[in-house]
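Pulled from TrEMBL, these are the features on record:
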- 26-48: transmembrane segment (TRANSMEM)
- 26-440: domain 'Ammonium transporter AmtB-like' (DOMAIN)
- 55-77: transmembrane segment (TRANSMEM)
- 118-137: transmembrane segment (TRANSMEM)
- 144-165: transmembrane segment (TRANSMEM)
- 185-204: transmembrane segment (TRANSMEM)
- 216-233: transmembrane segment (TRANSMEM)
- 245-269: transmembrane segment (TRANSMEM)
- 276-294: transmembrane segment (TRANSMEM)
- 300-321: transmembrane segment (TRANSMEM)
- 333-355: transmembrane segment (TRANSMEM)
- 393-418: transmembrane segment (TRANSMEM)
Amino acid sequence: MAQVPFPSNLLPGDGSPEWMSRADNAWQLVAATLVGLQSVPGLIILYGGAVKKKWAVNSAFMSLYAFACVFFCWVVWGYRMSFGDPLVPFWGKPAMSLDHGYLFERAFLGAFPNATMVYFQCVFAAITLILIAGAVLGRMNFYAWMLFVPLWLTFSYTFTAFSIWSTNGFLSKMGIIDYSGGYVIHLSSGVAGFTAAYWVGPRLNKDRERFPPNNILLMLAGAGLLWMGWTGFNGGDPYIVNADASLAVLNTHACTATSLLTWVILDVIFFRKPSVIGAVQGMITGLVCITPAAGVVEGWAALLMGVFSGSIPWFTMMVVHKRSKLLQKVDDTMAVFHTHAIAGTLGGLLTGLFAEPRLNKLFYGVPGQYVGFFYGFHSNKVHTGFRQMGVQIIGIIFVVFVNVVTTSLICLFIRVFVPLRMSEEDMEIGDEAAHGEEAYAIWGQGDKLENSSSKYGSSLYDDVEAGSHKKKHGGVVEMM
């Protein structure tokens, strides 16, 4: 039978070697961009709308800064520490990921180049830091945050990423199932955020007592970007365009919708009102819970996980939190402990229960090694199922330990040089004191109150923004 020649645009070339799948590479780049949009602008908008008006700029800027800082650190040393040659069983050797010779090589997984993998993994690292920011909004000194981001990325995130996701990591070799970051991203950010909140200290008492969102509609817009962006978050992790990617996407949305509905129903039953903020919390817990399992569980399990993720974190937030002195002592602004640490732990455990052997084989390419606890009884592999649960629990203990220890050491180190917490006076003012800027112009045509601008100074960019609309006469600025 005569061979049909490829069209010229599909022929291998210097920029498209034979091993590379153009379809897989294209989807991986799209998936990475969807994950990036979850942070910029997704969490920027969500945080900016969810906090008091006086903290809208600071909260949004913490996210933007973290995204940029992580990207720089990632390509200079972070990626190779997370996925490169092993230095120790839980950490890689630092090296740059900038040389095109390296970037054009095939990635450690997938039929696409290192450049694509570096980008894909970078946006995951960035959103982890931004999730941590949610725990310390409304009082953390921005200069301390500027130091925290590169230090935590280097001495915490790279540990868990290498241990769990790198093919050389010790938990990866043990057979832990973390499909898309339930451990590496969500459990890590929840524990690290709670730990950082402990060391930074609480908001002002009046802010803790009353901290209404300044714009719920804006918060919902950010939440929508977060939800839809999760299509790339979980759909990109098979590193291939196949049925497992489609299953992961469908399971993600099914679990999230179920979780949101469960949370709202519980609010209605116990508080007689459906809360919009509660619905967003239920959405987030559903997204977090399904993440370690998205492509390795069946649809019915995804729905069941949604019921658990909408109820158990609701219980810990609405009941346990109010009875726990420790949880009340630590001021976790966006409740990342409940939405990410609790939901991430829940997802890891439920993955160990519901992981389906055939789907695990499709994802990992290893038959018989990854068997969920329930399926162990069904397939006469009870020992394998027990072992899987044990590995999942070991992973939880490891991630919690690493993040408590490293986050504490980083915070203690930073406060030697700069205060972790803003001054009481600056916390009274908020954005104007921290950045010399405010989120909304509410006086006249954007004018600020005279006593505010005279005391704290106007924006560094006021003169630039005014441009040719201002001129000076004898030191006095006049409008043209």
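The backbone N, Cα and C atoms fix where each Cβ goes, glycine too.
Any TrEMBL annotation is an automated prediction that lacks curation.
Mean model confidence of the domain 'Ammonium transporter AmtB-like' (26-440) amounts to 95 (pLDDT, 0 to 100 scale).
Taking every listed stretch (26-48, 185-204, 216-233, 393-418) in turn, the largest tally of C-beta pairs under 8 A with the transmembrane segment (333-355) is reached by 185-204. Nonlocal intrachain contacts for the transmembrane segment (300-321), taken as residues 6+ away from its ends with a CB within less than 8 angstroms of a stretch CB, comprise 250-252, 254-263, 266-267, 270, 278, 281-282, 285-286, 288-290, 293-294, 327-328, 335, 338-339, 342-343, 346-347, 350, 354, 356. Residues 141, 143-144, 147-148, 151-152, 155-156, 159-160, 163-164, 171, 174, 176, 178, 183-184, 187-188, 191-192, 195-196, 199-200, 345, 348-349, 352 of the same chain, all 6+ positions outside the transmembrane segment (393-418), place their C-beta atoms under 8 angstroms from a C-beta of that stretch. Recorded stretches compared: 144-165, 216-233, 245-269; the one with the most Cβ pairs under 8 Å to the transmembrane segment (26-48) is 216-233. Note on the transmembrane segment (245-269): residues 27, 179-180, 227, 230-231, 233-238, 275, 278-279, 281-283, 285-287, 289-291, 293-295, 297, 299, 302-303, 305-307, 309-311, 314, 318, 359 of its chain, located 6 or more positions outside it, place their CB under 8 angstroms from a CB of the stretch. Counted over residue pairs 6 or more apart, the CB atoms of the transmembrane segment (185-204) and the transmembrane segment (144-165) come under 8 Å in at least three pairs, which marks the two as touching.
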